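Let me begin by presenting the structure, written as structure tokens, before commenting on it.
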């Protein structure tokens, strides 16, 4: 369900240092809107250029649409908010449908679909143009922490859950295609570049690679000292970035070199 909204950005934060911002921002305080003029905005990453306010609780995930002009955010309030990131930077729509916190979001490659994972044990698939929920993937028995659509090929998606499983889905079908049983909770999943392997991380500290042709775990990669909370594949599919709660509870990232012969090298 899509609910049109118009909630503007609350404030702008001016970059620190002597470097002048390339875009002038004019705030209309009473209307709580913000207009951008001049050249396209850019950031030196020294400070935020915009604060988008609208969620009623913690924000767990933000993802840009592939076109770079909009983004989706989700959180504890069970809502998915869609934002324009140029012009008025308004919250132009709200997607409702989950009954639990929305933990993760991902657009598919062409941006036509938005996938959302939730503590209500489901993953929803949304039409990003209309906001209509086109599919609800049900099968997990506990919180779904992560979801990821295949980069290319069939309309596949993978999910990871507190029930200790990694599931493969064909979104054209009702039930999951295959379930891989892990020992502990799964916190993050992604596909490899060719979408014939699923890579997962969880509270057992390891990164595991599941082969979709053999339907089994083919190898594990060690290197983290605590739960693996996020995974991201490089654009060419050669490297994997993982983040973890090791190093005394502080997030830590490592690069993993993915080789065709199932060897790995971890770079700290």
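Note that Cβ sites are derived from N, Cα and C of the backbone, with glycine treated the same way.
Note that the structure is predicted; figures quoted are calculated from it, not measured.
Feature annotation from TrEMBL assigns repeat 'WD' to 52-85 (among others). Each residue of the repeat 'WD' (52-85) gets a DSSP state, and the totals for helix, strand and coil are 0 helix, 17 strand, 17 coil.
Same-chain residues lying 6+ beyond the ends of the repeat 'WD' (95-136) with a Cβ under 8 Å from its Cβ atoms: 1-3, 57, 60-67, 72-82, 142-152, 157, 159, 161, 169, 171. As annotated by TrEMBL, repeat 'WD' applies to 95-136 (among others).
Residues or ranges marked as repeat 'WD' in TrEMBL: 137-179 (among others). Across the repeat 'WD' (137-179), DSSP helix (H, G, I), strand (E, B) and coil residues number 0 helix, 22 strand, 21 coil.
When averaged over the repeat 'WD' (179-220), pLDDT in the model lands at 96. Under the heading repeat 'WD', TrEMBL lists 179-220 (among others).
Feature annotation from TrEMBL assigns repeat 'WD' to 221-248 (among others). Each residue in the repeat 'WD' (221-248) gets a DSSP state, and the totals come to 0 helix, 13 strand, 15 coil.
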